[in-house]
Amino acid sequence: PLSVMASITASASGIRGACLARPRPAGLVASTPCACLAVPRPGMAKQRPAIGIHALNFESPLASSMRAGGMKCRASPSDAAVPVPEEGPKKSAMVETLLLGSLFGLWYLFNIWFNIYNKQVLKTFPHPLTITAFQFFIGSLVSLTMWTLGLHKKPQASTENVMGVSPLAAVHTLGNALTNISLGAVAVSFTHTIKALEPFFSVLLSAMFLGESPTLPVVLSLFPIIGGVALASTSELSFTWVGFLAAMGSNLTFQSRNVLSKKFMGKGKGSLDNINLFSIITILSFFILTPIALLLEGVTFTPAALTAAGVLNHTLLLKRAVIAALCFHAYQQVSYMILQRVSPVTHSIGNCVKRVVVIVASVFVFQNPVTTQNALGTAIALAGVFGYSQVKRLSGKPKAA
């Protein structure tokens, strides 16, 4: 038995030696379950045999094959993180739109109240210069109170600012005085119909002083405005030359003011924001107009003078004058705020809509007789203003390459 076992052992050793000596095909080696051990991958560092507990393999077959094969886990495109849209810019744009819409609404509302109460005061107390100076006085008190209570930052009291604002204050004073003269002489609706000619004066001033030649569409858009105003004027029952010429003069001065205001706001060192700019203009306008009003109309805003003028209810007159003055300051302040937020063309369109609202409201409140020709002329003039604004908007767009 021992000899038999020895021969078997020798035979096995010979077979094993032959197997080790004979070269195997690479495919056969690679196809064996131990291929990862038999054929080490290039670049893999030799490791010492694990000893003890480290010799135990707790990895799953999949994890082991992934580690041995150098596989990496990558997320699929569908699993990639989807960027969440930012809500900040959308909310900011929505808030700005709501704010702008609210400003336009307040602009119209304050304008309606001003025209109604101001007309009532001028009918009872026909002293337009004194009323205008009183409105500047109330506006000055509002501005000083705002600065005193810290509701708004005080402006820089520099000579440069005062000199820059002075021309604005001069045309602002003249324009508002002429408007009140017109409102006291004719119907509110007719004054605002005449003031629809503002685009004509804007084009005229730009051509005369800025050298800007109007395009043919702009010139053509002015014809309905001029024709509509002429048609409404010839049929206006309350027509007077004083009211007509005063409204025309206010057009001229206000267009000059708008050009100067847009040029002055936000430019230069120490420039004023819209609130401080209008506040300083109001204060300067009060000091400009008060001596002129006292010289031309005298001291008329006293109880004795009111009684002599036939005003019986002094309290009611003063109440209406204060409300008109507050609305006067408020609507012009809001107008400046809108002018700084939008383009002049957008402001012009808003102003056109404002005139329609004021005309309709005044006719409804005062029950002014309106003829068919007068209504047609007013409608044509306001439609022309809207057409002019659209032409200016289209001409301002850059041409496509």
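The backbone N, Cα and C atoms fix where each Cβ goes, glycine too.
Within the set 238-254, 357-373, 374-390, the record from TrEMBL flags 238-254 under the feature transmembrane segment. The transmembrane segment (98-117) makes no contact with the transmembrane segment (275-296), as judged by fewer than three Cβ pairs under 8 Å among residues 6 or more apart in sequence. Simply put, out of 129-149, 200-226, 238-254, 129-149 has the most Cβ pairs sitting under 8 Å from the transmembrane segment (308-331). Only residues 6 or more beyond the boundaries of the transmembrane segment (169-188), in the same chain, are considered here, and those with a CB under 8 A from a CB of the stretch are 115-116, 118-119, 122-123, 126, 128-129, 131-132, 135-136, 194-195, 236-240, 242-244, 246-247, 249-250, 253-254, 256-257, 260, 280-282, 284-285, 288-289, 328, 358-359, 362, 366, 368. Counting C-beta pairs under 8 angstroms (sequence separation of 6 or more), the transmembrane segment (275-296) fails to reach the transmembrane segment (200-226), with fewer than 3 such pairs.
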